[in-house]
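Enquirer: Annotation comment: TrEMBL describes A:14-251 as domain 'Threonine/serine exporter-like N-terminal'. Per TrEMBL, the feature transmembrane segment maps to A:119-138, A:144-162, A:169-187, A:199-216, A:236-257.
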Amino acid sequence: MDHPSHSAYDIAQVCLLAGKIMLENGGETYRVEDTMTRVAAAFGIRNSQSYVTPTGILFSIDGPQQTTRMIRISERSTDLHKVTLVNAISRKISLGELSVSEAHRLLNEIEGASAMYPLWFKIMAAAIASGCFLIMFGGTWHDFIPVFLAGGIGFAFQLYFHRLVPIKFIAEFLGSVLIGAIAYLFLKAGFGHDLDKMIVGSVMPLVPGLLITNAVRDLMAGHLVSGLSKGAEACLTAFAIGAGIAFVLSFISGVGIG
Amino acid sequence: MIIEQLLMSFVASAAFAILFNVPKGSLLQSGFVGMIGWLLYISLLNVVDEPILPTLISSFVVAVTSQVFAKLYKTPIIVFSVSGIIPLVPGGLAYDAMRKVVENHYDTAVQLAAKALMLSGAIAMGLVFSEVINHLIRRSRL
């Protein structure tokens, strides 16, 4: 395929935008690199290099129209819908069905699109997941409603705190303090039986399961920098949850009712 | 009892898929992958009396099933594997470890934390194995 009307700059722009959307929304590092070089190759650029870490992307095109560009990634969340959409577009580009400018327009649309599910729906999902995990971890049905509430409220407040204070650690810490407190209050009020199982179920929506597995996977694949930084992020989240629950537990045992 | 576990793991995985904004068309498949993984895990746990091997095998099966679905529905693997893996993540163990820290039982805490780390490693190994095998199959065809 030949695109004489498009400069290397335009192509780099499309590749970077695709990579940025994937990385910001939970795509794996190696897949982001792969997508970027594949898109560049489909637009006729054979010698492109990409270097992706969770906090930034470097992309360079060698040759007469040499360009090197970089973007900083500061906010990361998980939105697999967007990852799927970008994947579909890169597939189309590889098949030669999209021009550079058209691809750029579509990617911009994806980037600006709003979330797939409304907020209340996600909170409901978190609450239901908490309840299900309680049963899966061997809890009794008596604890289902308290865990449902604690998990849902904890998750909702974690989202809310994150909007107030843009530091993830604080939001996760406060969210799990709330979960611990609610679970304990239910136990005291006689609506719960097993505090440990209740707390484990309720914190599951906050647990960084995706990050942990992605981190180890990146490490094994040789992406050492991104593996270590994802691992650090996962450890920090786990520590925030642990510290939040520990805060509540030590309070309880300190007062002497635990 | 087993029906209860199946239903719960299906719903939990699908609910997690919603948290991860998985497209509507893939929610049922995500739940199904999670259910398969959890079913295998709890049945193996009855045979082998330690969680590492069951975790390794079921995360491998989760990854293989996700790969099949990814091919079938032309969707990235991560969409299915992530929600399928979630039930296997050692959240309970990590919590126990942390609880022991709070209670000043550091020796037990370190043991539990090491176990949780081993299980995370087993999950990742299962995922990587399936990728390697997929790679080998694709290579041998060429």
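Cβ coordinates come from backbone N, Cα and C, glycine included.
Any TrEMBL annotation is an automated prediction that lacks curation.
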Enquirer: May I ask for the residues of the chain that lie six or more residues beyond the transmembrane segment (A:144-162) and have a Cβ under 8 Å from a Cβ within it?
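Expert: 119, 122-124, 126-131, 134-135, 168, 170-172, 174-176, 178-179, 182-183, 186-187, 191-192, 198, 201-206.
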Enquirer: Pairs of Cβ atoms less than 8 Å apart decide it: which stretch in A:119-138, A:199-216, A:236-257 has the most with the transmembrane segment (A:169-187)?
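Expert: If we count Cβ pairs closer than 8 Å to the transmembrane segment (A:169-187), A:236-257 scores highest.
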Enquirer: Hey, which bits of the same chain come close to the transmembrane segment (A:236-257), Cβ under 8 Å, at least six residues off its ends?
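Expert: Same-chain contacts beyond the flanks: 168-170, 172-177, 179-181, 184, 188, 199, 203, 206-208, 211-212.
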